[in-house]
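S.K.: Before anything else, here's the structure in question.
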Amino acid sequence: MDLFNYFRRETSEVNIGAVPLGGPNPIRIQSMTNTSTMDTEACVEQAKRIVDAGGEYVRLTTQGVKEAENLMNINIGLRSQGYMVPLVADVHFNPKVADVAAQYAEKVRINPGNYVDAARTFKKLEYTDEEYAQEIQKIHDRFVPFLNICKENHTAIRIGVNHGSLSDRIMSRYGDTPEGMVESCMEFLRICVAEHFTDVVISIKASNTVVMVKTVRLLVAVMEQEGMSFPLHLGVTEAGDGEDGRIKSALGIGALLCDGLGDTIRVSLSEAPEAEIPVARKLVDYVLLRQDHPYIPGMEAPEFNYLSPSRRKTRAVRNIGGEHLPVVIADRMDGKTEVNPQFTPDYIYAGRTLPEQREEGVEYILDADVWEGEAGTWPAFNHAQLPLMGECSAELKFLFMPYMAQTDEVIACLKVHPEVVVISQSNHPNRLGEHRALVHQLMTEGLENPVVFFQHYAEDEAEDLQIKSAVDMGALIFDGLCDGIFLFNQGSLSHAVVDATAFGILQAGRTRTSKTEYISCPGCGRTLYDLEKTIARIKAATSHLKGLKIGIMGCIVNGPGEMADADYGYVGAGRGKISLYKGKVCVEKNIPEEEAVERLLEFIRNDRKELEL
């Protein structure tokens, strides 16, 4: 893979109805219904809305045999109205259901964590190598008949691994690790290869974007080692709703798409399924602007490890770099200095004029030729002002620098000026490639100056800024290269929206926390309560609790697992019933839905008496 130049990974083509995936085909977009699969009319109408919005596949939860059989009626209902969209059956826990679904759906998704292995109990199991091999044989014996049914019916499959539903067997041998998630997938892929079954799509998802990106990168490397080129389905599970869901999805999915990985995506929002499609389309279209871009002559630094990156070693300059959290620099060249206390930038770039009224606790950056050394202000130079920078005595200096301006003279200057923070700029179609190339050159030269990534936008819609900036910054954060971000928007959006987006990106990348985090699933036919209203009520009561993580899950398929690092959880337990969790431990079961939100808040109050609820 080329870190600096965009090329899509070459994958095998998979036939899914009349909409093939992988190979030379475009990146496909899909969603999943949240209606009961036994309600044919509701499923048909929702599937139509997904297709009308631009969805190319529709997935439906398939809990049992009767739901699997009803896929035929849903298919008939759609086709009778001219909707030829392929249907995907989503199967957990019961391989018999997958056998039936394969006769009626164009694709069947199975979960290796619960296909043959027992449901996860979070207990550590001990296996000898012989016993472990016997468990693999059990998978083979059950999986091969399913593959034969798929061959007979020309049905594709997705092997869909979820971080939240790894089996106890995998957890016991590999732990809760990317390696375990990859091996969970590879056990099934090796059987597919041995059985000459190639209509396979794979996915490895997590609500933790760091885990998701690292694991997909590792999976691709392992597949390449074993001569496999199956196409990838990308998604961030439990991404949430609103701004959080969009940023989190764009950050994780976008980081992989920008590296050419991914053949279909699903943006999992806790909103109406059809609302996911325009977000996914914007995400894909933005990434594809990189196609056929001018070549970037970057060189990978010897110490960089793409599969397991660590934070780049930098020298701390005041509160930037070293062990400090990534900073946020905000633009206020228009003289408007007001900030949201929850998202107060560390530095404000004021350009050529220092505002008369300044925000307390915020430091200001001025262009170097007008900087006069006033307390709480710092100079910013461009690459043509190196002599001026050498004459300046400030203990913190900023240097705006595009990759192509990184000359031997600039490198020599940085070697004698460790107090300089580089602000990496790019107007290249593949700005990720240029930002990476700049930092890798610094690393190769042994320079430890911190790097802040600057990106210019001209957006009038918050969603557009959220998607584009998260795509641009994602891989830089996951690569461990980011000491700060600077989003500069010349559209009509308020400074508050731009600032919140910057902080949201850092939180989604798990590098800096500025607000409550919600791990909420998009819901499906297994969700038997009003997910969107519940999320809104919980957010209204807890959004001020910075650093708290709350999981809001439709059902137990991924619930306890994906909430493993959440402080508290709210999980559907049946029609009208909710269970509450502290971490992954259930503390109350089968609470009536109408009482559950208040019971959750009451539990948090009693457990965290220092919090104001």
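Here the Cβ of each residue, glycine as well, is placed from N, Cα and C on the backbone.
Okay, so Swiss-Prot annotates it like this:
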BINDING   CYS521, CYS524, CYS555, GLU562  [4Fe-4S] cluster binding site
S.K.: For CYS521 ([4Fe-4S] cluster binding site), what is the secondary structure by DSSP, using just helix, strand and coil?
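M.R.: The residue in question, CYS521 ([4Fe-4S] cluster binding site), is coil (DSSP, three-state).
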S.K.: Measuring CB to CB from CYS555 ([4Fe-4S] cluster binding site), give everything in the same chain under 8 Å that is also at least six residues away in sequence.
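M.R.: Residues satisfying the criterion: CYS524, ARG526, THR527, LEU528, VAL571, GLY572.
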S.K.: Highest Cβ count within 10 Å among the binding-site residues CYS521, CYS524: which residue is it?
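M.R.: Selected residue: CYS521.
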